[in-house]
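If you scroll down you'll find the structure; I have some questions about it.
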Amino acid sequence: MPCPRARHPRPLPDPLHRPSGRGFRRRPGGPARRGRRGPAALGRDRVAEGLAGRGTAWFRVVARAATTGRRPGPDRHSRCRGAGCRDPGRRGFADRICRWPVRAVSPVSGLDDRPDRGPATRGAAPVPRAGENRPASHGRLMIDFDKPRSAQAQARAEARADETRRAALPDDAFGFEEIRLEGENGQATGALARRINDRVGAVLVAVVVLAAIPLASARPVFWMIWAAVLGLMLAVYMVTVALVDPARPINSLKLKAVLLPALAMPLFGLVQYLVGGPLALDDLPGGLRTPVGTLAPEATFMAVVRLFGLFALFVLVHEVSTRARRVTAMAWGLFAGVALHAVWALIALVFLDDVAFWGEKTAYLGVATGTFVNRNSFANFLGMGLGLGVALILARAARPHLRMPGGRTLLSERNLETAALWLVAGIILIAMLATQSRMGVVSGGIGALLVYFVMKLKRDHTVLAAATRTAVIALAGIVVGFGVFGRGLLERGLFTATEAVNRSEIYKQVIGMIAERPLAGTGLDTFQPAFEIAQQPPVSAALVWRLAHNSYLTLWSEMGLIVGTLPLIAVAVIAVKLVTIIRRRRTDYAVAAAGLGVIVQQALHATVDFSLEIQANLMLFIVILAMGLGRLRRKATR
C-alpha cells in the first residue's frame, strides 16, 4: 500500500538513488542545508533490525549506509517532509522508508529483492522476485544468500577488488620507494637490515674523524690503510645485505651521472700506470713516445688505490643514507668530531705551548694546526664542519615543539640547548680564525653563510628577510672574529700581493705543462717530478713545489683537459641534485644544504690551494655529499 503520509501523486524514488550533493537536503523554496542525522548514523543503530527481517527496503538502505559510510542524497519528492514525521531528526529518511510497504521477507532472501511500489509507482519497471538476479546495468550490490559463492570465487573477487584499489592509488605521488615486508620473516629482515646500516654508518663516521688524526692521512701509508679498510667494508657490506635482504635495491646505481665521471679518473690513472709501467714501450723507432703514460708509475698506482678507496667510501655512505634519523645522527657525529679537533687545536696552541699531536712542531709556529701539518688544510677542514653545524642547528631549532603553558622563556630547556650548540659552532669558528689562513677563513665563512641563507630562505620563503639576516650575521662575525684573532690575518694580508706574483708565475708554467700534453697529462699524482722538469726562473729553484696550489691546474696537468674535467662535472651534477632536493623536501634537507655550502667552499678554496688533495679533507667532503644525496624513504626503510 502507498505511504499514508504522501500528499503528492508523483512516482517515488529509489532509496539508494543519490542524484547529486552528498548529505544535503533542500527545503521547498529554500536553500540547501546540512542534514542533522542521515541514514549513515541512524542506520548503524538499526542494522540488527534490518537483518531480523523488518523489511527489505529498510535493510537495503541501512546496509548501504553502514557499509559505505554514505547516505542517500536529496530527492525531488520529499515535499511531504515535516507533514508526517514527528521526529525532526528523522525527517526525510523516515518519509522515504515509510512510503514502502513492509513485507515479511526472510533475511536470506537477497539484497536485490525490492518490494512492489504499489499504485504510486505509475509505470515503474517490474521488480524481480526474491532469489532473482538484477541486471548488471543497475550497478548495485547484489548478494544471493540462497546460492553462496564458493571459496575460489570469493578469493578471485577479492583479488580483483585489490587490483582495482591499488591501480586507483597514486603510488608515485611523493616519489618515495616502498618496500613491503610480509610476515614475521619480513619484519625480522627489515630490523636486521636497519641494524646493519646503523652500525656501518657509525663506523664510517668514526673512520672519517680518525683519518684526520695521523697528519690528516696525507701520507701514502695511510692512503693504503684506509683504502684497504674501506674496500673490505664495501665487500662485506654488499655480501651481507645480499644475504639478509636480497630484494633491497642498490641506490648507488641511480647515480650514474655522478659515479661514471668520478670513476673515469682512477680508471684513466690505471691506464697511465699500465702504459708507463709494466706495459711501457721505452724504445720506439724514430724517437716516438707513448701518448699515454706517467712519469712516476709507483706514485700513480698508489693514487689509483687511494681513489678507489674514496669511491668505496662514497658508495657505502650513500647506501646507508636511507633514513632521515640515521643521516642526521651521522651528521651530528661528524660535527662533534670536527668540534673535538677544534678544541684540541686551541688547547695545544694556548695551553700546551703550541705542541703538535705527533711530537715537536717545526712549521707554522704560533698558529693553530691541530693534527694537520698545513694550516690552510686545517682551516678548510674546520670550515666544512662549521657549515654542517650551522645547517644542523638551524634545522633543530625549526622543529615543531610543544607549547608550554607559560610560553617560551629565555632560559627554557630548548633555548639553552640551542645556545650550547651555537657555542660549539663558535669554538670551531675561533679555531678557524686561529689558523690565520686567509682563504681558509674566507671560503669557510662564505660556505657557512650560504648554508645559513639557504636554511632561512627555506623556512621564511622570502629572499629579502633571509639576505638581511645573513648580512647581519656576516658583519657580526667579521667584527668579533677579527677583534680576537684578526691581527695575524691582517699582517699576512700585507704579503698577499707578493705571494700573488709568485703564484702567478707558477700558474703560467703549469699552463705550459698542460699545453705540452693537453689530452693525456703527465700521470696521476706526478706534479712534483713533472714541475721539476718544467720549472724556470723567476720561480725559485731552491723550493720544492710538490703541488700547484691550484687544484684545477693540478687535475688538468696530471690527467689532461678531458679526464681532468670529468670530476668537476660530477661535482656540478651533485650540486644540481642537492638544489633539487632542497627545493622539493619540506623536511630533512639540512644535510643537503650543508653539502651545497661545502661545494661552494671547496670551489673557492681550490683556486689558490690544494686542500682537497689532503686525504682527511677529501674524505669529509665526500661523506657530506653522499649523505646529502641520500634517498630517504617513508615506509619499511632499512
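Just so it is clear, glycine is given a Cβ too, placed from its N, Cα and C backbone atoms.
Found this in TrEMBL, in case it helps:
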COMPBIAS  1-10  compositional bias 'Basic residues'
COMPBIAS  19-37  compositional bias 'Basic residues'
DOMAIN    424-565  domain 'O-antigen ligase-related'
REGION    1-48  region 'Disordered'
REGION    68-88  region 'Disordered'
REGION    108-144  region 'Disordered'
TRANSMEM  200-217  transmembrane segment
TRANSMEM  223-245  transmembrane segment
TRANSMEM  257-275  transmembrane segment
TRANSMEM  295-317  transmembrane segment
TRANSMEM  329-352  transmembrane segment
TRANSMEM  378-395  transmembrane segment
TRANSMEM  416-433  transmembrane segment
TRANSMEM  439-455  transmembrane segment
TRANSMEM  462-485  transmembrane segment
TRANSMEM  559-582  transmembrane segment
TRANSMEM  589-608  transmembrane segment
TRANSMEM  614-632  transmembrane segment
When you check the transmembrane segment (329-352) against the transmembrane segment (439-455), do you get at least 3 Cβ pairs under 8 Å, counting only pairs 6 or more apart in sequence?
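Between the transmembrane segment (439-455) and the transmembrane segment (329-352), which are separate recorded stretches, there is no contact, as judged by 3 or more close Cβ pairs.
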How about long-range neighbours of the transmembrane segment (223-245): same chain, 6 or more residues beyond its ends, C-beta under 8 Å?
189-190, 192-193, 196, 200, 203-204, 207, 211, 217, 302, 305-306, 308-310, 312-313, 315-316, 319, 615, 619, 638
Kindly say whether the transmembrane segment (589-608) and the transmembrane segment (439-455) touch, using the definition of 3 or more Cβ pairs under 8 Å where each pair is 6 or more positions apart.
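By the criterion, they touch.
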When the domain 'O-antigen ligase-related' (424-565) is classified with DSSP, how many of its residues are helical, how many are strand and how many are coil?
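The breakdown for the domain 'O-antigen ligase-related' (424-565) reads 109 helix, 0 strand, 33 coil.
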Roughly where does the domain 'O-antigen ligase-related' (424-565) sit in mean pLDDT, to the nearest integer?
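Overall, the domain 'O-antigen ligase-related' (424-565) comes to a mean pLDDT of 84.
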